[in-house]
């Protein structure tokens, strides 16, 4: 809820200057477990002395004990919370700090990645970045994706959470070089800068493979196309020409879903590899899931809902990055389809630039987009 609250404040134009950054950072530190993950709520079942000092009731100085998360507690602890912790840390230590310097018009001093541990510790109690990074790496699956927990099946949502968390923590580039994606190497701790077989190639391959084929088998049709053209092959059997749209699935052998346009497409964007997918076809799939009264559903014909509407718009904002998605768009002419396509592209270009890692409009966080 803290992550949602901070993002909501930013979306409403707040500069976070009234937020108790120190208090939130201390809470994040308490929520971190020994394995590097984070609990969703604080626990009072285990406490440790931290050496912190505060004014006592009688004017003296007392040592303040700080709650520590109990790893045996039965609460959620997976990559979702590593991501939200990394995002909160980033918002407080980078984005909010940038708002304090209104006189500096040059944002080049803001790092593309997250703040270093040394920078964070100068003012606040920081989380254990190395431990958090190790936990993300321990969630790698044999196929290059990330599961929600160690040993879990690779999934689009958890993969985005892990990659975005590493980007926000400032450890992504080194982590991608750290070992392979096999489960046997996932237990090794992250030290930074280690090189091995490399994880990046497997990860990118897995993400790119999640886009459903734009060319159905001969004689078959697909329900995910917005337009189909029937042609004949050598045996005069009807086939369908390449589809105009191709959505993303969250894992192998699953149907497309608009939210994975962002989870998978966003992951590739953070890796600077989004040009490896057919962004035009993905964009068309997302647009085909728009309801007649507005909003987006998870699949074509589904009732629009807030979650899929948000992630559909988020992907559409990303789909025009560097202008590549609209390189061949027709903005005019006598062809009605061309007019419609050009109008659609113009509307997409009016969407605000998205900070992919944070899921917030870039202009609201006062910096260039991450990814």
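Yeah, the Cβs are placed from backbone N, Cα and C, and that goes for glycine too.
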Under TrEMBL, which of the candidate ranges 194-213, 214-233, 234-253 is annotated region 'Disordered'?
214-233
Mean pLDDT for the domain 'Prenyltransferase alpha-alpha toroid' (1-323), as a whole number?
76
